[in-house]
Amino acid sequence: MTFRNCVAVDLGASSGRVMLARYERECRSLTLREIHRFKNGLHSQNGYVTWNVDSLESAIRLGLNKVCEEGIRIDSIGIDTWGVDFVLLDQQGQRVGLPVAYRDSRSNGLMAQAQQQLGKRDIYQRSGIQFLPFNTLYQLRALTEQQPELIPHIAHALLMPDYFSYRLTGKMNWEYTNATTTQLVNINSDDWDESLLAWSGANKAWFGRPTHPGNVIGHWICPQGNEIPVVAVASHDTASAVIASPLNGSRAAYLSSGTWSLMGFESQTPFTNDTALAANITNEGGAEGRYRVLKNIMGLWLLQRVLQERQINDLPALIAATQALPACRFIINPNDDRFINPEAMCSEIQAACRETAQPIPESDAELARCIFDSLALLYADVLHELAQLRGEDFSQLHIVGGGCQNTLLNQLCADACGIRVIAGPVEASTLGNIGIQLMTLDELNNVDDFRQVVSTTANLTTFTPNPDSEIAHYVAQIHSTRQTKELCA
């Protein structure tokens, strides 16, 4: 038997994990084992919302050392994280300024300023990326405007996964899939756009040319002295999750469900027409030159904040209580900017319902019901937008990531979208990370080959839409009202 041992470091906004994958070549089987799981979260530091990158690095090294202490020979390591955030370094590789998080308010108002000065259409034609107020483009503008004293000290700007790879190897890399989330990469050249960089105030010399997934960045020397290659995987966690989505045919859509919900489809070409711009669709980079045509949805961040504020520890019990409540009594727009990082999420949700003359969700279950119903309805709207954009309906939706364990939300999604939902794998980002490593090690041919492995080894659950459910009737009523308004217009 020939085995490969690959380690995936998967960092999310609320937690991180070091996972060991064992791949058996002869039977093409892949097993995962969690080595170390640790918390991540936002911190307040000197008036900014930041990440504790030192703590994250320590946790990564602890997890890697645990694998080595077991006497396991690691064949490769890969790191994926969330997008848009970065770390600045000086000529000696020391940090400059703070690792500010995208939920900080420093970039407020700058997106509108960019659209006015550069033109919304021009920015979109250059980058193909959706407009979000915390994109790196606006974060860099905030930094260079508000902290100009830092600029003379900056030599390099590394996105989060590239920073941690640098800390392990001493080598710098700018991985393509994550670089595209910045809204600074030109969609035609796959290189940094000089006009957008100039507006941001950043120096192009801070960045190296983006590289597509699959190259070896450098080597980490383990405590035993072995040199272990660190691979540039699809380092944006959603890009990795999509790689591990067992998409079957061109009519399959995906939903990467976690702190954020990312809904989209794969395409060989980007969509940057007026319809895509109006719908704020993004064309993020994927593996093998594919595009992840998708839309960001605020996701389970709202629930995470409610759980924290209400000190709820028993999520299954909450979901059971939520399921017993009637649907669609409290509806909000999860993508409203007011929910990016409010002081109190529960109060913000209640205020949104109050302002629209709805009943007010008071109990834990009512707040959860509001979030789940609102997300499912938004999923249905976005799926419809995506189908219109490409001119073809979808036949199935693959929900991957930690959020796919929420069976109530999966069923609500199936009912609201009127589409078959396949849930799993849960550890999609980790698996996609491993997939690129195995391709780099010449164990697998390509993404489609890897998806066959995932399909046969992952635990997948199918949810069939129920046209008689409350939320399905609610969606039908909305569509009927819209059609009536269009006829009367």
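Placement of Cβ uses the backbone N, Cα and C atoms for every residue, glycine included.
Since this is a predicted model, take the numbers as computed values, not measurements.
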Q. Which of these, Thr259, Thr356, Thr440, does Swiss-Prot say binds ATP at the same site as Ala13, Ser14, Ser15, Gly16, Arg17, Gln304, Gly402?
A. Thr259
Q: Figure out which of Gly83, Gly93, Gly97, Gly435 sits with His236, Asp237, Thr238, Asn296 in the substrate site per Swiss-Prot.
A: Gly83
(Q) Of the cysteines Cys68, Cys404, Cys413, which is paired with Cys222 in the disulfide recorded by Swiss-Prot? (A) Cys68
Q: Let me know the most crowded of the binding-site residues, choosing from Ser14, Ser15, Asn296, Gln304 and counting other Cβ atoms within 10 Å.
A: Asn296
Q: Enumerate same-chain residues with a sequence separation of six or more from Gly402 (ATP binding site) and a Cβ-Cβ distance below 8 A; give 'none' if the list is empty.
A: Gly12, Ser257, Gly258, Leu300, Val426
Q. Whose Cβ, among the disulfide-bonded residues Cys68, Cys222, Cys353, Cys413, has more other Cβ atoms within 10 Å than any of the rest?
A. Cys413
Q. In sequence order, what residues of the same chain, 6+ apart, have a Cβ less than 8 Å from the Cβ of Gly83 (substrate binding site)?
A. Leu159, Asn178, Thr181, Thr182, His236, Asp237, Thr238
Q: Give the maximum pairwise CA distance in Å, whole number, for the residues Ala13, Ser14, Ser15, Gly16, Arg17, Thr259, Gln304, Gly402 listed as binding ATP.
A: 18
Q) Secondary structure at Thr238 (substrate binding site) (DSSP, helix/strand/coil)? A) helix
(Q) Can you give me the same-chain residues 6 or more apart in sequence from Ala13 (ATP binding site) with a CB-CB distance under 8 Å? (A) Asn40, Gly41, Trp82, Gly258, Thr259, Trp260, Trp301
